[in-house]
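So the structure is just underneath, and the comments pick up after that.
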Amino acid sequence: IFNKSKEHGILERLNAGEVVVGDGGYVLQLERRGYVKAGHWTPEAAVEHPEAVRQLHREFLRAGANVLQTFTFYCSEDKLEISGNVTNITGAQINEAACDLAREVANEGDTLVAGAVSQTPCYLNSQNETEVKAIFKKQMDDFLKKDIDFFIAEFFRYVEEAAWAVEVLKTSGKPVGATLCISPEGDMSGVPPGECAVRLVKAGADIVGVNCHLDPLTCIRTVKLMKEGLEKAGLKAHLMIQPFGFHTPECNLGGYVDLPEYPFALEPRVVTRWDVHKYAREAYNAGIRYIGGCCGFEAYHIRAISEELAAERGFLPPASEKHGLWGAGLQMHTKPWVRARARREYWENLLPASGRPTCPSMAKPDGE
């Protein structure tokens, strides 16, 4: 049962110490379902196939998400133009359609809508602050025509560009979260995580953290370094984490895009629901209160976050009606060895086999 507190925004919830569960990944999931083109990764499906985006929003809502992000990844006009994949739909049309879809589903529960912007080709090409900020301003204006609750600047490899995005989004008067896709080594310019966090907060971010790029436990390490940087600088902000849903023990600076398996053979690296239980607990123990997922995180992963933190949140999500906690539903199985798996200790300690005896457990990332 949802605790109806729609009148409370993201900062009111975090300031009260509530756990905010984020949603999962859209881009990779919709690519697998046939609605996003790999390589382009643009979100025109919000206009072309709204039913697909709506369904994914609804799955995350049922899994316990308190926030639904607009499906607007890579929706800057320069990215759409470069991709060549979208010729008859404008960025404004996608942004507005995505806002409507997220709001429609969010209204079915105790859920906020976050308008999301991400890195731009313009920054890599020119590093021109005026031009880059103009792109973010255009996206922001699209979102402000709609009923969004706050902004998230996500998937930034360079803290400089992320700070520019935050500075623009803060002019809206709405709360702003900012997440970088960086490793514990820092951003792609070598700026350490602690300094990155300081720069984001000084730019105006209310919530800071990391998203995508690397696996959950690695991302926790990075957010801990961001937290330490803020503490040393005497600054405060809420912490946020939405990691990559695949194991990346290589912990490389470039993240998952440098893995040989990206993007079409990542499946052997998928985190299990039990991995996500561990991640959610460790994130919570690290002081992170906005806990979600990015690419690779499906609805059952978000449900795992909700179930692990059910005591702290005070309720289970609707999707848990179809899921026995820690395998409890297996008690009904006809095979005694399967019934024996209906316990927490079994799943917490399982070392799952890959089924691929000739494959390595790690890869050598390209470009490093």
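Placement of Cβ uses the backbone N, Cα and C atoms for every residue, glycine included.
The model shown is predicted, which means the values in this text are computed figures rather than measured ones.
Here TrEMBL flags CYS212, CYS294, CYS295 as Zn(2+) binding site. Cβ environment of CYS212 (Zn(2+) binding site): GLU154, PHE155, CYS181, GLN242, PRO243, PHE244, GLY255, TYR256, CYS294, CYS295 lie under 8 Å away, each six or more residues apart in the same chain.
Marked as domain 'Hcy-binding' by TrEMBL: 8-309.
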(request) Starting from the Cβ centroid of CYS212, CYS294, CYS295, the recorded Zn(2+) site, name every other residue in that chain with its Cβ within 8 Å, sequence order please. (result) GLY25, VAL27, LEU28, PHE155, CYS181, ASN211, HIS213, GLN242, PRO243, PHE244, GLY245, GLY293, GLY296, PHE297
